[in-house]
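Trainee: One structure, as C-alpha cells, below. Some questions next.
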Amino acid sequence: MLLHIPTILSRTHATSMQERLAAANWTDGRETVGPQGAQVKHNLQLPETSPLRQELGQEILDALARSPLYFAATLPLRTLPPRFNRYQENHQYGFHVDGAVMSLPVAPDHTPASLRSDISCTLFLNDPDEYEGGELIIADTYGEHEVKLPAGDLIIYPSTSLHRVAPVTRGMRIASFFWVQSLVRQATHRHQLLELDTAIQSLTASNTDHNTILRLTNVYHNLLREWSET
C-alpha cells in the first residue's frame, strides 16, 4: 500500500527544520550502507550521533503521534528513530531494497533490540519547486510510481519494494526517513484494516445506526486480534 499522508508537519515547522539542518555537519551517505548499497548511494546524511538528529527526530515522532491516519495505516509496534538526508546537484540513490531487520538504539538497561522493516516512510522537508529531479521512485507489481510531495507531507510504502531517488539536477532535496514494524505483518491485511477503519469513521460521521457501526467495529478488532503480533 502506497499512501500519501499530508501535513504531518506544518509548513512553519518544516521550514524551521530546514533552517536548523542548514547549519548541520553532514557526512557521506555511503558510510551508512554496505558494499552493495555504496555502489548506488550518492547523498549526504546526518550522523546517527548528532544531537540535532535526535532533537528533530523526536519532533517528528511527536507529530506522527498526533496523526490518526498515520496510526491507522501503520499500526506501529516499533519505529526506528527518524534519520535525515540531503541530495545536492548530481546526487542520487539507485534502485535498492531496505534491510529486513534493523537494530534499534540500545535501551537504558542495555538490552539489544531490533525491528523488522514492514513500512518505509519518507517525510519531505522542502517543496518540489525548490529542486528539480529527486523524485522517490517506488517499483511494485503495477509499475513504477514517482513521488515528490510538499514540505511536511509523508509517503509510506511496503519495505519489500525496490525504490530509488532520481538524480537532483537543480537545488537541494531534504527529507527525513524511517521504518516501522507494524503490529500487522502483511501489507494486504494492513490495507484491509485501513479500509475498514475508514468506512467505520465515515459511517460514524454520517450518524449511521449505532448497532451497524458496532458490528463493523467488532469485525475490525477481531481481525486485528487475529493478525496482530506483539
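Every residue gets a Cβ built from N, Cα and C, even glycine.
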Trainee: Suppose a student reads Swiss-Prot and sees His96, Asp98 listed for Fe cation. Which of His13, His42, His145, His163 should they find annotated at that same site?
Mentor: His163
Trainee: Other than its own, how many Cβ atoms are within 10 Å of the Cβ belonging to Asp98 (Fe cation binding site)?
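Mentor: Step by step: centre on the Cβ of Asp98 (Fe cation binding site), count other Cβ atoms within 10 Å, giving 17.
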Trainee: Between Arg173 (2-oxoglutarate binding site) and His163 (Fe cation binding site), what C-alpha distance do you get in Å?
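Mentor: Between the Cα atoms of Arg173 (2-oxoglutarate binding site) and His163 (Fe cation binding site), the distance comes to 17 Å.
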Trainee: Compute the centroid of the Cβ atoms of His96, Asp98, His163, then list the same-chain residues not in that set whose Cβ lies within 8 Å of it, in sequence order, for the Fe cation site.
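Mentor: Once His96, Asp98, His163 are set aside, the remaining close residues are Phe95, Val97, Ser120, Ser159, Ser161, Leu162, Arg164.
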